[in-house]
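Copied over from Swiss-Prot:
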type: BINDING; residues: 58, 59, 60, 61, 62, 63, 64, 65; note: ATP binding site
type: DOMAIN; residues: 235-401; note: domain 'CYTH'
């Protein structure tokens, strides 16, 4: 059967209802959406007027709501039920873990689904995350389109699986799911980014591996969402970078506003991690997480750099974390791949920043111009005589090139500057004991400072 062909078959558990033959391949978001709509239409046609129930499940931030809403947009007068509204605040919430399946009011959910399948009106609950409680009910009539969609991390759970005619799973890989979950929590619950990240490493992904991932493997349609969560970020930073070639301090002073200019020197210690099933040689900027130590304070940055003309355009999110967060990320399967020392002499006037960046591992000094206004950044580069001499790569990309070149030249291989901390045995041992992991990481990093 072609991967785009939908074959409707009787459900194994209920021969009077229908599903589709599972598709063998995982699908992109767009193809998954297209085939989900085709499958729903085909099952609906075969079901001759019965309400069909579609479950859409996946980890937090994977895109369940997005694909469900797109389906509703092309199948109007369908009903979309979000499992987020079925949290039961009367049940004990342990360590702010709202992803615990025991908090879901499956009895009410099953009643609502059964009512709608039986062409009866039903009262759907409404939940307020900012107040952590159910605040109202909404009466709905059976869907005129005969399509009922259930979306949520436990939408394929065994408690309701017998009610589903079609199962759709969606995931984005640990890295994108992690970032999108942080963005969602900040917007919806008012959490600070570091609080969301801590919760994810401590509770969300352990719950996912144990109680969600097995259900996703049962879906007839499996989607991998490659949506870039950085694409919608506002206020990107425009960066021009060049190898230092005769750019003097006096030249920099002449470019900046003399009345507001400030100068300082900073030393950074940047630790780069990549997600599971990724190698350093084949990784890209959207894969990396950078943990920076500056004067004993750690910050984490997710970055997706876009290249346009001479610019590196860098939408990013960064926030302060504790050193123990490294252990949490490694417990998710992230690996340390590089630790890079950097000394920056920084000149800024409130509008743009110009710096000399000395990279120990690269053995070079660079001039970098940054700002939120592309025109101002470009004009500064022109005045410094850097036009036609720009590099469109981040420092970790330049180091990656050096590493790959040493491999291809069969010369002395450039070793990754990580002190051997991320070998497989160390990672396995660390995963078995997060406390020891956090302590050893902290000691290792502090010894390098």
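Keep in mind that glycine also has a Cβ here, set from the backbone N, Cα and C atoms.
Figure note: comparing Cβ neighbours within 10 Å for the binding-site residues 58, 59, 63, the maximum is reached by 58. Considering only the binding-site residues 60, 62, 64, 65, the Cβ with the fewest other Cβ atoms within 10 Å is that of 65.
Confidence for the domain 'CYTH' (235-401), expressed as mean pLDDT, is 86.
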